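Features as listed in Swiss-Prot:
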{"type": "BINDING", "residues": "166-173, 191-195, 213-216, 283-286, 314-316", "note": "GTP binding site"}
{"type": "BINDING", "residues": "S173, T193", "note": "Mg(2+) binding site"}
{"type": "COMPBIAS", "residues": "362-379", "note": "compositional bias 'Acidic residues'"}
{"type": "DOMAIN", "residues": "1-159", "note": "domain 'Obg'"}
{"type": "DOMAIN", "residues": "160-333", "note": "domain 'OBG-type G'"}
{"type": "REGION", "residues": "362-385", "note": "region 'Disordered'"}
Amino acid sequence: MKFVDEATILAAAGDGGNGCVSFRREKYIPRGGPDGGDGGDGGDVWLLADENLNTLIDYRFEKNFRAERGQNGQSCDCTGKRGKDIIIKVPVGTRVLDSGTNEVMGDMTRHAQRLMVAKGGFHGLGNTRFKSSVNRAPRQKTGGTKGEIREIQLELMLLADVGMLGLPNAGKSTFIRAVSAAKPKVADYPFTTLVPSLGVVRMDNEQSFVVADIPGLIEGAADGAGLGIRFLKHLERCQVLLHLIDLAPVDESDPVENARIIVTELERYSENLASKPRWLVFNKADLLDPEEAASRANAIAKVLGWEEKYYLISAANRDGVKALCWDVMAFINAHPKEQAAPEAAPEKVEFMWDDYHRDQLQQEEAEETLDDDWDEDGVETIYQR
């Protein structure tokens, strides 16, 4: 299935149902009291995280989602039926933004997580609500409010502990094949990897971590060169970045300059991503003599001003890979991810005293003093026997 990590949809919640103006009519009771019911609330639009999905391709074709409208109130104090909610399933790891304001509405980071993106309209009030000792036959009602309509931007961001960085053909896909059961395509030409891929590294029966491989970066990626930087967002959730440097580039380019290109593109993309822990990993050591590989790695680290530990590996032969993975596992255990705050329960709204209805009542009361026939204009009265 094609990997699609961005989509824009329109979420329209249902409108609230209108209140009803009705009067009770029974045998020997020609002038019964009001019995108009309230309308029903409009349906909401929800997002549901599903771990069985891994792409947003479905929303490239189906873009409009509309919840059901609440039914109007009826006589005999019958409240209208609430509109049905609509549930949109998205992959775990989806970030939800409001296209109009660019506000982050939420992150779908765990299976079965729910997020309301459009609230249904409030129900209108029937004339029963307006009866009083001085107004025994009210012909007033309120209409339901409109449901929210939002254009939502969905961005799928892979959930991984470790992210791979490097130029094309630095050996990122070979590394993932060496440490996990993932089998990304490997070839001797640039941009073999066209979409992100994930691999699970199992250290023992109880410990494991997830590695994300993204297409390689080149100079000018921030300006759209190559595959651009659109896949860098998949590394924002990672705890540590592994920066792979080819010790013996086929094109005889300078490894120091290659490393600086990656750092520059990271900084141009996001300060947050550039500030993440980054480990230097020199790959393809098997193409050189052990002494030459060690001296070349040491020289590159000095020129880069790298004072921390670096790693010398051969992903193809799996030399030094196991030790690197154990160090990564130890780092992840020592720096656990922050737990997301528990979701607050939606606040219950008492619709009788909602601002919308209160404003409507105040407006109608003001009109009473100007119009002696306020109860005869535009009112549909239902008489029931």
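Just so you know, glycine gets a Cβ as well, placed from its N, Cα and C.
Distance from the CA of S173 (Mg(2+) binding site) to the CA of V195 (GTP binding site) is 11 Å.
Across the structure, P215 (GTP binding site) and S173 (Mg(2+) binding site) place their CA atoms 9 angstrom apart. DSSP assigns S173 (Mg(2+) binding site) to a helical segment in the three-state reduction. Residues belonging to the domain 'Obg' (1-159) score a mean pLDDT of 89 in the model. Classification of S314 (GTP binding site) by DSSP places it within a strand.
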